[in-house]
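S.K.: Look at TrEMBL and you will find 31-56, 68-89, 101-126, 132-152, 159-178, 190-208, 312-335, 347-367, 379-396, 402-421, 442-461, 467-487 tagged as transmembrane segment.
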Amino acid sequence: MPLTHHWIVKKSDPFAIIMDAEITEIPDGGWGWVIVAAVALINMSNQSILSVYGLLFGTQLEHLQQDTFTTALITNLNSLALNFSGLFIGPAIKSFKPRNVAASGCITVSFGLLLCAFATAGWHFIVGYSLFVGFGLGLIAPSTFVAINSYFSSKRGRAVGVSLAGAGLGQVFIPHVVRFFLDHYGFREAVLAMSVLSLSGLLGAFFLKPLNANKNSLKHNNRRHIKLLLEDSDQPKKDHVLEIKINTNIAAEEAVNNKLYQEHKHCMALLTPKDKIYQETTIQVVKHEASFNKLTHRLVQALDLELLKDPIFWNMIIGMALVYTSSINFSMIFPSFLQYSANLSRSTTATCMSIMAGADIVCRLLLPCITDKLKIPYRLIFLLGTMGLLVSRAALAESSDFITIVVMSVFTGMTKSATVLNNNLTISAYCKPEKLPGGLGLNMISKGVLVITVGQLSGWIRDLTNSYILCLHAQNCLLLLVIIAWAPEMLYNYRKQSLAKRRAIEEAFSNSAIRVTVAPKS
């Protein structure tokens, strides 16, 4: 009896991946460089707003008699909203395209800043800056990365570095713009100017054209997928099925199914009504349990939660979240440290922030070229950058001389770029390609959780000790924890890989021994 083979693709499957018949060639340049410039503009006018939080809102929050704990809460809730947007940013990009998502993010950031301009209480900043600005930035970052990712392959690292340099360029000029408006117009006008500036990102979003959109290709409808996911899998529903039959001889299978059905019908006829009710109830319970298990399995697959079974992955995402938390709090404390601990003027403070951002820009442009050529592991570069941040910030906390502060600011900007650039690259180097979206999402969630918990300790320490210096040292303790947790494990893995390579080389030499056979003389 010949077997029956079917190739079936159900369009109603919420996690079905329908591949287009035409394979699009990645140009690795071309219009992609226009997209890189557009993303750099978006980052310059929106992402760089995070770096001027202390300069822009610090004086106004003090005028409203808000303590450092509340100031830290505002920026940490901003990071929480930014990172937890990763739970649904993937479906949003697939349903509405990166261009529309990025444009929506710019509008949301502008609206959040507009609310902050008229804030008269601390919770107004939580609504405007923490929720709206944070959520808008959460929409911008992944959508712009997806737009670049589709146009580049071998030059992807350099393209991402150039686009992130736009945020660094904004960190050079925007502090001076903020200082100018604060000195000549006041707080409200300065925030309104930032709100208008963020709308310039709409111009960059206009150029985020998808790569060779095929009109005949099937569209990915996540809204339909979510609806189907919430349905009972045992409920009858109409599936649009594309079926390719190699052999249509299925008589044997139908006969077997018909025989089982007749036996089941005969058994049901012999049961009493009470037994029938019990059996039907048991069947319904089993069906609901099966539906719940199926839904849970699908959610685990969608979010790639099986990655959490790996202790090394836990070590990675917690370590990077601690570095991220330390960087967020440093950006908040650094302007106040320069003004109140180092006794620098507002103009000199903006200059130091610009110098740090300038060093960050240079390294964002050069570091990907060096690491790609030398093939240095991304996680090692991230660890070295963390060590550099620990040294530079510790020296910066104990510095009062202007020249020393400038030198340490340059070194801090250089080492910061190593952690920013290699954050997602570290995850991509460890996870399999099919697990990468889930790995990035879990990394974002871990950042949000630690920022709102561990990050709040920074503001509490500042209020308790009334010292920005101790606050900076407390942030450095987070970096020290990462170094202690990562260094032994990475050293062990390096030695393990070295031994494996040595054994492989020895086996290769032993298997490739040359055998010389001398033919006997005739």
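Heads up, the Cβ atoms here are built off N, Cα and C, so glycines get one too.
Can you walk me through where each of these features ends up in the structure?
M.R.: If one looks beyond the transmembrane segment (31-56) by at least 6 residues along the same chain, the residues whose Cβ comes under 8 Å of a Cβ in the stretch are 75, 78, 102, 105-106, 109, 113, 129, 133, 136-137, 140-141, 144, 147-148, 151-152, 159, 162-171, 174-175, 178-179, 182, 190-191, 194, 197-201, 203-209, 328, 331-336, 346, 349-350, 353, 357.
Counting residues 6+ beyond its ends, the transmembrane segment (68-89) has Cβ neighbours under 8 Å at 50, 53, 57-58, 61, 101, 122, 125-126, 129-131, 133-135, 137-139, 141-143, 324-325, 328-329, 331-332, 440-441, 444-445, 447-448, 451-452, 455-456, 458-460, 462-463 in the same chain.
If one looks beyond the transmembrane segment (101-126) by at least 6 residues along the same chain, the residues whose Cβ comes under 8 Å of a Cβ in the stretch are 42, 45-46, 49, 57, 60-61, 64, 66, 70, 73-74, 77, 89, 92-93, 132-140, 143-144, 147, 187-188, 191-192, 194-196, 198-199, 201-202, 204-206, 208.
Same-chain neighbours of the transmembrane segment (132-152): 26-32, 35-36, 39, 42-43, 46-47, 49-50, 77-86, 89-90, 92-93, 98-99, 101-102, 104-113, 115-116, 159-160, 163, 201, 208, 210-211, 424, 440, counting only residues six or more beyond its ends whose CB sits under 8 Å from a CB of the stretch.
Same-chain neighbours of the transmembrane segment (159-178): 32-33, 36, 39-45, 47-49, 51-52, 55-56, 144-145, 148, 151-152, 190, 193-194, 197, 350, 353-354, 356-358, 360-361, 364-365, 367-368, 417, 420-421, counting only residues six or more beyond its ends whose CB sits under 8 Å from a CB of the stretch.
Sequence-distant contacts of the transmembrane segment (312-335) (same chain, at least 6 residues past either end, Cβ-Cβ under 8 Å): 50-51, 53-55, 58, 71-72, 75-76, 79, 349, 353, 379, 382, 386, 389, 393, 416, 419, 423, 426-427, 430-431, 439, 442-443, 446-447, 449-451, 454-455, 458, 462, 468, 471-472, 475-476, 478-479, 481-482, 485-486, 489.
Long-range contacts of the transmembrane segment (402-421) within the same chain: residues 160-161, 164, 168, 320, 323, 327, 338, 342, 344, 348, 352-353, 355-360, 362-364, 367-368, 381-382, 384-389, 391-393, 395-396, each at least 6 residues beyond the stretch ends and with a Cβ under 8 Å from a Cβ of the stretch.
Proximity of distant same-chain residues to the transmembrane segment (467-487), defined by a Cβ-Cβ separation under 8 Å and at least 6 residues beyond the stretch ends, is recorded for 315, 318-320, 322-323, 325-326, 329-330, 333, 336-337, 340-341, 379, 383, 386-387, 389-390, 393-394, 396-398, 454, 457-458, 461.
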S.K.: Counting only residues 6+ away from its ends, which parts of the chain sit with a Cβ under 8 Å from the transmembrane segment (190-208)?
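M.R.: For the transmembrane segment (190-208), the nonlocal Cβ contacts are 34-35, 37-42, 45-46, 49, 52, 56, 98-99, 102-103, 105-107, 109-111, 113-114, 116-117, 140, 143-144, 147, 174, 177-178, 181-182.
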